Amino acid sequence: MHKISLLSELGFNAGGASSDFFRPVADSLPLTPISSGSPHHRLTKVSVIGAGKVGMAIAQTILTQNLADEIALVSAHPNKLRGEALDLPHAAAFLPRVHIVYGTDAAVTKNSDLVVITAGARQTPEETRLNLLERNVALCRNIVPPVAEHSPDALLLVVSNPVDVLTYVAWKLSGFPASRVVGSGTNLDASRFRFLIAEHLDVNAQDVQAYMIGEHGDSSVAVWSSISVGGMPAFKWLRNSHRSFDEAALDGIRHAMVGGAYEVIGLKGYTSWAIGYSVASLAASLLRDQHSVHPVSVLAAGFHDISEDHEVFLSLPALLCRRGVLGVAEMDLTEDEAAQLRSSAKTLWEKCQLLDL
Ligand SMILES: NC(=O)c1ccc[n+]([C@@H]2O[C@H](COP(=O)([O-])OP(=O)(O)OC[C@H]3O[C@@H](n4cnc5c(N)ncnc54)[C@H](O)[C@@H]3O)[C@@H](O)[C@H]2O)c1
């Protein structure tokens, strides 16, 4: 069967054709294609490690939101990877111009600004995220050191599960400062929380502020007191308007938050679209220096009475900018919420201790 490839792979010289087609203006730079190594231009390069369901949802969302000039895809399955890398540029006429490179070797990630790690096994319908630990730690040992070597100044954004432990693993294996290593954490859980409250109140989820913190997973902590809608603390607003969240509605929201991902995985086998948008929102805040606050997995030692000695990554509201994490908001938690957070921290720290890093 005839193998259809990218023109560059067939030996066409894009720069040469361009210089035939356009007459250079006086004092212009040569009409050669600009690559990420070029001294003439600083391109934004994002690498996505793992081109599975999650990696490709993230790559395509980053592409459509025009967050990168170059996207590098790395995966262990060369044919599937090549298929994805050929499929995306076929939409070039409808998208911002982005250079896509790919390979099974981390060398294609060289000089990345942001590396998103999605490689790894995903949970089966009955499996918890922590069950994935051993399998995905082994993968990280292969992936993180070469990625860090090729892009020593990059930001690392870990998505693979269990994300909090793997963010710790990526931090240790990369040798990067903690401010440049974050996990996608509860950014997605918080979006589910905001969506469910928005549905209940029949308002736009973007107008709902609500945080979920702690572990991305079964022990995540919903900070009910943080809910505000249009600047109004939600519970106060409901009381003033003589309405209330009835217990059944609260239970429904709690149940849907805890079971949401499991339900999607049970029905379609994986989750992809929401995590794609969640990670693209983090990429935008980081790469565009937005100073936006997101609940993401950060080094949590010392916050909310988590021991200074417990090097554990958990989601807390973090201020994100081009340099990574600028700071963490210390929320006014109830004693119960703080206790849940410390309990997650202890569980995760015990897991991290088993890893010998
Ligand atoms: N943090 C979150 O909110 C969140 C949400 C959804 C999924 N996830 C996690 O994301 C991960 C990926 O899920 P998925 O559905 O895309 O799985 P998938 O099986 O579809 O894809 C995994 C990809 O990893 C690649 N891979 C495996 N070993 C590799 C290596 N050594 N180097 C490079 N690539 C390698 C595979 O080739 C495959 O393309 C899972 O761990 C899943 O639990 C996290």
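Using the three backbone atoms N, Cα and C, a Cβ is placed for every residue, glycine included.
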Same-site residue for NAD(+) (record: TrEMBL; known: GLY50, ALA51, GLY52, LYS53, VAL54, GLY55, VAL159, SER160, ASN161; options: ASN79, ASN136, ASN142): ASN136
Least buried by Cβ count (within 10 Å) of the binding-site residues ASN136, SER160: ASN136
Cα-nearest neighbour of HIS216 (active site, proton acceptor) within the listed binding-site residues, GLY50, GLY52, VAL54, ASN136, SER160: SER160
The domain 'Lactate/malate dehydrogenase N-terminal' (44-183), counted residue by residue under DSSP: helix, strand, coil: 70 helix, 26 strand, 44 coil
Sparsest-packed of the listed binding-site residues (GLY50, GLY52) - C-beta count within 10 angstroms: GLY52
